[in-house]
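Feature list (source: TrEMBL):
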DOMAIN    30-188  domain 'Fructose-1-6-bisphosphatase class I N-terminal'
BINDING   GLU90, ASP109, LEU111  Mg(2+) 1 binding site
BINDING   ASP109, ASP112, GLU275  Mg(2+) 2 binding site
BINDING   ASP112, GLY113, SER114, SER115, ASN203  substrate binding site
DOMAIN    196-326  domain 'Fructose-1-6-bisphosphatase class 1 C-terminal'
Amino acid sequence: MAIGSTLSEHLDAEVARDSSLADTARTILALAAASIDVSEICARGALAGDLGAQGETNSDGDVQKALDVIAHKRFTEALQSAPVAEVASEEADDVMVLNPGAPLAVAIDPLDGSSNIAVGMIVGTIFGIRPVVSDPNDPNASFKTPGTTQTAAGFTVYGPATTFVVTLGNGTRIFTLDRTDKVFRLTHDALKVVATANEYAVNSSNGRHWDVPVKAFIEDCLRGEEGPRDRNFNMRWTAALVADAQRVLIRGGIFLYPGDSRKGYEQGRLRLLYETAPIAFVMEQAGAAATDGQTRIMDVVATRIHERSPLVFGSTDEVACVAKYYEGRQPAAGRSPLFGQRGLMRS
Ligand SMILES: O=P(O)(O)OC[C@H]1O[C@](O)(COP(=O)(O)O)[C@@H](O)[C@@H]1O
Ligand SMILES: [Mg+2]
Ligand SMILES: [Mg+2]
């Protein structure tokens, strides 16, 4: 598809390739339209009111900000006009029923990176679309399938530009909002994340709570060319998963939000259905990897709609390297009896 083509044109091409994606494409268009509205609000910043004003607590224990609630309302309204039967939103305790009998279920984080709202920094929206599973005994059945059942996934980044990142299982693309025409235009076609990169993203203030493999991985990155990795690393952390994910898509690197020993953080901070599974689909379709450290995220099945999952994604060599640390095979000779010989990873 030519650079500059619209999201609509891309979706038409995807439906021409696979007609079973027609409902998914309509749903993506509804999400994109709502993204443009939320983008307009974000772009007004403080002129749009106190978007960071604190309200109620959501089911995951986060205090909702005004923009969390506005985005949840706007996206669920938009999905009402799409072939969507059920929505699992970060900002609703239970699965919401929209159009009974419709074929699709959507998991959505209406506003990702909430701690950035009050300071006017990057935020986003994350979504994953999957087929409805009807089970009269379980209102959550549609969401208890692995990430591999997603027909599409993506995220919007409300940054200096608003971007819409999407995959329908045929590569990952970035569309950038053309504010003049109010359409998303293709700017990054069929992304290919580099296999090796020297940049990592982690909230290191949690370092003392991490388990041994993650601590060792990050320590060895910090040791740079004097350590077993033999090269220097740079660190970036935007506190918005969407922004870190977009950076990894464009220039590679690795992102980690591992489980840690804080109460409630045993499975990290991010939620499987509307954060880690959609990001995993987008990453895999761009040639990158996404695991919980060891297990492929796309294979994980949720047992609850707000279930958390550790997340490690990015350049394949780096993600594979983290797995080696979990297996005790990293090149950290002499530092701990737990670990193997320096040089093992290079073999
Ligand atoms: O506050 P921390 O620990 O740095 O966590 C930041 C992470 O939490 C999140 O903000 C969670 O998403 P929400 O803002 O949607 O709850 C991610 O975007 C981000 O990667
Ligand atoms: Mg989020
Ligand atoms: Mg959120």
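Quick reminder: no glycine exception, Cβ is built from N, Cα and C everywhere.
Location within the structure of each feature annotated in TrEMBL.
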residue: GLU90; record: Mg(2+) 1 binding site; Cβ contacts under 8 Å, 6 or more apart: ASN58, ASP60, ASP68, HIS72, ILE108, ASP109, PRO110, ARG271, TYR274, HIS306
residue: LEU111; record: Mg(2+) 1 binding site; Cβ contacts under 8 Å, 6 or more apart: VAL38, LYS65, LEU67, ASP68, ALA71, HIS72, GLU91, ILE117, VAL123, GLY124, THR125
residue: ASP112; record: Mg(2+) 2 binding site; Cβ contacts under 8 Å, 6 or more apart: VAL123, GLY124, THR125, ILE126, PHE155, ALA240, LEU241, VAL242, GLU275
residue: GLY113; record: substrate binding site; Cβ contacts under 8 Å, 6 or more apart: MET121, ILE122, VAL123, GLY124, THR238, ALA239, ALA240, LEU241, VAL242, ALA243
residue: SER114; record: substrate binding site; Cβ contacts under 8 Å, 6 or more apart: ASP62, GLN64, LYS65, LEU67, ASP68, VAL123
residue: SER115; record: substrate binding site; Cβ contacts under 8 Å, 6 or more apart: ALA239
residue: ASN203; record: substrate binding site; Cβ contacts under 8 Å, 6 or more apart: TRP237, ALA239, TYR257
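A 10 Å cutoff on Cβ-Cβ distances gives GLU275 (Mg(2+) 2 binding site) a total of 27 other Cβ atoms nearby, all chains included. Ligand 3 lies under 6 Å from the Cβ of the following binding-site residues, listed in sequence order from GLU90, LEU111, ASN203: GLU90, LEU111.
Candidate binding-site residues: ASP109, LEU111, ASP112, SER114, ASN203, GLU275. Those with a Cβ under 6 Å from ligand 2, in sequence order, are ASP109, ASP112, GLU275. Counting residue by residue with DSSP, the domain 'Fructose-1-6-bisphosphatase class 1 C-terminal' (196-326) contains 59 helix, 21 strand, 51 coil. In this structure, ASP112 (Mg(2+) 2 binding site) is part of a beta strand by DSSP. Residues ASP109, ASP112, GLU275 make up the record's Mg(2+) 2 site, and a Cβ search at 8 Å around their centroid adds GLU90, LEU111, GLY113, GLY124, THR125, ILE126, PHE155, LEU241, VAL242, LEU270, ARG271, TYR274, PRO278 from the same chain. Averaged across the domain 'Fructose-1-6-bisphosphatase class I N-terminal' (30-188), pLDDT in this predicted model comes to 97.
Summarising the environment of ASP109 (Mg(2+) 1 binding site), the number of other Cβ atoms within 10 Å of its Cβ, over all protein chains shown, is 29.
Other than the site residues ASP112, GLY113, SER114, SER115, ASN203, same-chain residues with C-beta atoms no more than 8 angstroms from the centre of those residues' C-beta atoms, the substrate site, are ASN116, VAL123, ALA239, ALA240, LEU241.
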